[in-house]
Amino acid sequence: MPRVSAPLVLLPAWLLMVACSPHSLRIAAILDDPMECSRGERLSITLAKNRINRAPERLGKAKVEVDIFELLRDSEYETAETMCQILPKGVVAVLGPSSSPASSSIISNICGEKEVPHFKVAPEEFVRFQLQRFTTLNLHPSNTDISVAVAGILNFFNCTTACLICAKAECLLNLEKLLRQFLISKDTLSVRMLDDTRDPTPLLKEIRDDKTATIIIHANASMSHTILLKAAELGMVSAYYTYIFTNLEFSLQRMDSLVDDRVNILGFSIFNQSHAFFQEFSQSLNQSWQENCDHVPFTGPALSSALLFDAVYAVVTAVQELNRSQEIGVKPLSCGSAQIWQHGTSLMNYLRMVELEGLTGHIEFNSKGQRSNYALKILQFTRNGFRQIGQWHVAEGLSMDSRLYASNISDSLFNTTLVVTTILENPYLMLKGNHQDMEGNDRYEGFCVDMLKELAEILRFNYKIRLVGDGVYGVPEANGTWTGMVGELIARKADLAVAGLTITAEREKVIDFSKPFMTLGISILYRVHMGRRPGYFSSLDPFSPGVWLFMLLAYLAVSCVLFLVARLTPYEWYSPHPCAQGRCNLLVNQYSLGNSLWFPVGGFMQQGSTIAPRALSTRCVSGVWWAFTLIIISSYTANLAAFLTVQRMEVPIESVDDLADQTAIEYGTIHGGSSMTFFQNSRYQTYQRMWNYMYSKQPSVFVKSTEEGIARVLNSNYAFLLESTMNEYYRQRNCNLTQIGGLLDTKGYGIGMPVGSVFRDEFDLAILQLQENNRLEILKRKWWEGGKCPKEEDHRAKGLGMENIGGIFVVLICGLIVAIFMAMLEFLWTLRHSEASEVSVCQEMMTELRSIILCQDNIHPRRRRSGGLPPQPPVLEERRPRGTATLSNGKLCGAGEPDQLAQRLAQEAALVARGCTHIRVCPECRRFQGLRARPSPARSEESLEWDKTTNSSEPE
């Protein structure tokens, strides 16, 4: 059988074929609240009837008639009596009532016996135990669907803990789907039932003490509003509580009495405000209330009135479709007879196939007579009323608009005043010097005050700074409560906690934190002991005594090796007569013992020496020594600068292990702070030992504030364990304080909020924005820097030890060994190619070593063959005289005097040819050079000390 579909605006000519009465189609409506100033049900039925009868498409003169019967109380007897009055009138359907479950059950049974369709407009009661009649249809959404929708919302918000307030015991059966989900997910759902006094105050106090932030209320609209008003009196209507109402009429209640418009209230609605008749329908009801009532009871049409309006249209649509297939007739029935309406079953089949768009959305029924294929709108309370943030569809499930929800949170911060709890702590929050003349937030200054101003500018909120009552950050007590700022957040006495509040796992369990705005760690603060005053020999401090000793040994070793190598290598022995190469029997070595000791000194002082090494071995010794001195002098200069610019200070401990391994220096931290919790919960052996010491030490080593800890450090032998940021701040302002070692851990400061705060994401984004813009770093430099002590990485300069520069000593030793080896190779090579073949290698080696050990003179004769004569100098080839020549006296002989020039050249050439040792002819420029010789008193005639006098460059 095809589905019956018809719009409410168009009704074809169905009124032509009504057998029993060609002039009317009668419907009965039972109202249990028929007053004009209540729901407006009577008016809604009248509006539906008049709109149908005024339809221009209606053919014929038949009209829809709706007989209204009043039910003054929910009584089975009165309900049965009313039905006995309705049946003789020959009605095609019975509508209502809207709020009498017992009466509705009696009506369904009677209509089922007589096969007369019955439309319910109230939520189901006792779903598990009541059998739905075939003739009964319910336009109201089922409680099962509502419970599934609530479960979807809880999943969307990741809610694992909630409380359900029930006005009746039947709510556990009605919300079975919701309870089943909590059982499956193992989340926590506490159920609280209103007692006979109907006072929700005790229940709300229990919920507040349990710190439950999500509250589900399953009650009628009036009771739901009462619960919310009581919650407002207890301070539970704020941004940290979420209320979900299952009643579909709750959004029609007035919220003028709610002071805090940041409260997160969610509800459902089924109204179709886009319907063509919805605005006219609402205006008609509102006008009726204004004319007949002292006040308007609802902000919009009641749900029951809209459902009755849609029920009239559903009946008319089904009768129209049925009348097209067969002629129907309605005859009077009686309670006393067993007679039934013969067309009732057919009409019910057509009613189950009805599809139309009504004031309450899409109208369609399933095989059980329950409404299907519809959507529940999810509404959220704002300062401008409720607005839709999503919907739940029977077939498609939950669909939330996250953008609308997030924008509502941002809008709720706009121009909202937040209570900020904090604590006086330099430099985070301080009182101004003239704070007595100020009031409010103007009395305070510091890093946190400036950060609050930046956040307020971004998020557009106002704030009120309030100092915490007990002056502590917050620690758990034995009874489970918390002190300090954490306790105020748990009690919802404050919206934010802005201070040096450390993010810890224990605090994260009871409050929410924003992203960290500052990263830090625990450090050790201790006072420094001034070292001795600089002495006359403080210039020796850059190197440790061991380094100075090794440098002296290195100098002696280089001098000895240089003396040895220079004696061994033949390339350091040279003729002192430049003009008598090959003929002079004497060779000279410039590296005497004195010169060998002086040459390293000149290199070390970077002044050089007139002695130039000739052999490769001696040059190797010189190179490694110069490299050694380069590193040594550079290191000394750098470390000496540190000693001259930084005053040396001494501390008896260098690390946390040194502190833990001694008992002479007391150490402690702030009582009730995160540092104390860190040591208390640490599993590291060193930190456990430190905690046992601090916990058992008497008198107590814990302090109440940072200022007290600083004073104790300066006035006694005490080390203070505190955050590195505070350590840095106080070291900038007191040069007698120093940090020992590095950080003991890594953590961060965050903004504390109550659990479930809707502002958490907004503050996270704002903090990230400040970090990206470098604003937080700028604020930190503003409040941390500017002290009288310069910032130093380590104010205790130390002399360099062998572990720092030992490598250059290794290089020096290796170079010396290589030089000795090369000198021996040079000695052997020259000896093998010498003219004296009768002398053995060992004999020559022993002779040289004996000369080195005895420090003999650095002159010895040239080695010659046995019996050989000194070589004769070659005869100079006569050359033609040049046009000009330079004489030994420096005079020039030009071309104008050729005879004189030729005569002079011939004389000097003859002298050179006879072996004269005081005249030399340069083969390149043909210049004569004179050499004067004087006999040495200590040597033979061949042992001469030559003094060269020349008026030109050095000889060859």
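The backbone N, Cα and C atoms fix where each Cβ goes, glycine too.
Residues Gly500, Thr502, Arg507, Ser674, Ser675 are recorded by Swiss-Prot as L-glutamate binders, and the candidate that the same record lists for that site, out of Glu454, Glu457, Glu723, Glu728, is Glu723. Both Ile389 and Trp573 are recorded by Swiss-Prot, but within differently named topological domains on opposite sides of the membrane. In Swiss-Prot, the annotation N-linked glycosylation site falls on Asn158, out of Asn158, Asn951. Mean predicted confidence for the topological domain 'Extracellular' (21-545): the pLDDT average there is 86. According to its DSSP assignment, Asn323 (N-linked glycosylation site) is helical. By the criterion of other Cβ atoms within 10 Å of the residue's own Cβ, the least surrounded of the recorded positions Asn286, Asn323, Asn479, Thr502 is Asn479.
Within the same chain, the residues at least 6 positions away from Gly500 (L-glutamate binding site) whose Cβ sits under 8 Å from its Cβ are Glu425, Tyr428, Tyr473, Met518, Glu723, Thr725, Met726, Tyr749, listed in sequence order. Counted within 10 Å of its Cβ, the other Cβ atoms near Asn272 (N-linked glycosylation site) come to 21, all protein chains included. Taking the Cβ of Asn736 (N-linked glycosylation site) as centre and 10 Å as the limit, one finds 14 other Cβ atoms among all the protein chains shown.
The residues near the L-glutamate site, meaning same-chain residues not in Gly500, Thr502, Arg507, Ser674, Ser675, Glu723 whose C-beta sits within 8 angstroms of the mean position of the site's C-beta atoms, are Tyr473, Leu501, Thr504, Gly673, Thr677, Lys747, Tyr749, in sequence order. Long-range Cβ neighbours of Ser675 (L-glutamate binding site) (same chain, at least 6 residues apart, Cβ-Cβ under 8 Å): Ile522, Thr669, Leu721, Leu722, Glu723.
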